[in-house]
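K.L.:
Take this structure first; my questions come after.
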Amino acid sequence: MPLNLRHRHFLRLMDFTPTEIQFLLDLSANLKKAKYTGTEQPRLKGKNIALIFEKTSTRTRCSFEVAAYDQGANVTYIGPSGSQIGHKESMKDTARVLGRMYDGIQYRGYGQELVEILAQYSGVPVWNGLTDDFHPTQILADFLTMLEHGEGKRLNQMKMAYLGDARNNMGNSFVEGAALMGMDLRLVAPKAYWPEQKLLDEVAEMAKKTGAKITCTENVEEGVKGVDFLYTDIWVSMGEPEEAWEQRINLMKPYQVNKALLEKTGNPKVKFMHCLPAFHDENTTVGKEMAQKYGMNGLEVTDEVFESDASIVFDEAENRMHTIKAVMVATLGQ
């Protein structure tokens, strides 16, 4: 491979250079093509991979498992109730045990410091499948999807608006990704939900080098004008008190992605993205409860937009697997 990322961890995007991120995206596209054409070569044969999930998941777990199987690796799934991490055994000790048995470890859980401890003490590549602070594998999938639907534009020629809760792990990772790849990113959210200033300061130098433009605004019209992509995420997380839901939903209502908001972009070819799961209809227990309680047509996005031709959310979901495969092959492959 032209770049050597072997034995590197994948904990957050700012640990990499723009060239390295582009390399991972190019590798993802090549691996995707190989899978579709039946020409994929297994480069993880004989490797054993541990998947630690302290938070449940559909896309991340399936992506890591299918990617590993495609490449000839074996996986062990360690679910939220399947380990002693933090209860009877520290992450430091867990890292030193698993590092003796496995060639690579994925972690999806809470504090960023936990995945960093795992990386520090395991002695094998560690991949961040999501923490409270960052979700780097999702951003890789998003960037690949944007390149596929960007009509030939490079990332540094693209404009994207991220609406809703921009202080979460997705907002944080988009800030890092946009800075690295020279993008025009608008974080369109209530001021209380803008990213921490500390993070914006951290990426400022990189953004200057790449020509990235990162803007925080409460003004929906200004934020979405002329963008190529509209992106949102769920407004509330399971486990938060119900009072927090009501307050958050009322605050976020102006940032819902609906048909009127798409029209405000002035771009008839604008695309809609979402990392999923999405509360767009009443076909889930939570979605039905939210619709009845708040009288809304969807929460962060309406069903009309979610099911429209503008929506590329399922291309995006598929690309989780191809980009995760690229990360594992680049850092662990033979």
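Any Cβ shown, glycine's included, is placed from N, Cα and C.
As the structure is a computational prediction, the values presented were derived from the model and not from experiment.
Grabbed the feature section from Swiss-Prot, which reads as follows:
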type	residues	note
BINDING	Ser57, Thr58, Arg59, Thr60, Gln84, Arg108, His135, Pro136, Thr137, Gln138, Cys275, Leu276, Arg320	carbamoyl phosphate binding site
BINDING	Asn169, Asp233, Ser237, Met238	L-ornithine binding site
K.L.:
Which one of the binding-site residues (Ser57, Gln84, Thr137, Asn169, Ser237) has its C-beta surrounded by the most other C-beta atoms within 10 angstroms?
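P.N.:
Answer by Cβ density within 10 Å: Thr137.
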K.L.:
For the carbamoyl phosphate binding residues given in the record (Ser57, Thr58, Arg59, Thr60, Gln84, Arg108, His135, Pro136, Thr137, Gln138, Cys275, Leu276, Arg320), what is the largest pairwise C-alpha separation in angstrom?
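P.N.:
30 Å is the greatest Cα spacing among the residues binding carbamoyl phosphate.
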K.L.:
Mind giving me a neighbour count for Asp233 (L-ornithine binding site)? Other Cβ atoms within 10 Å of its Cβ, every protein chain shown.
P.N.:
25
K.L.:
Could you work out which of the binding-site residues (Arg59, His135, Arg320) has its C-beta surrounded by the smallest number of other C-beta atoms within 10 A?
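P.N.:
If we count Cβ atoms within 10 Å for the binding-site residues Arg59, His135, Arg320, the smallest count is at Arg59.
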K.L.:
Near Asp233 (L-ornithine binding site) in space, meaning Cα within 10 angstroms, which of the binding-site residues do we find among Ser57, Arg59, His135, Thr137, Cys275, Arg320?
P.N.:
Cys275
K.L.:
Between Arg320 (carbamoyl phosphate binding site) and Asn169 (L-ornithine binding site), what is the CA-CA distance rounded to a whole number of Å?
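P.N.:
With distance taken Cα to Cα, Asn169 (L-ornithine binding site) is 16 Å from Arg320 (carbamoyl phosphate binding site).
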K.L.:
About how far apart, in whole Å, are the alpha carbons (Cα) of Asn169 (L-ornithine binding site) and Cys275 (carbamoyl phosphate binding site)?
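P.N.:
Cα of Asn169 (L-ornithine binding site) to Cα of Cys275 (carbamoyl phosphate binding site) measures 11 Å after rounding.
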K.L.:
Excluding near sequence neighbours, so keeping only residues 6 or more apart in the same chain, what lies with its CB under 8 A of Cys275 (carbamoyl phosphate binding site)?
P.N.:
His135, Gln138, Asp142, Met170, Asp233, Glu316
K.L.:
Do you know offhand how many angstrom separate Ser237 (L-ornithine binding site) and Gln84 (carbamoyl phosphate binding site) by C-alpha?
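P.N.:
Here the two Cα atoms are 25 Å apart.
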K.L.:
Can you see whether DSSP assigns Arg59 (carbamoyl phosphate binding site) to helix, strand or coil?
P.N.:
helix
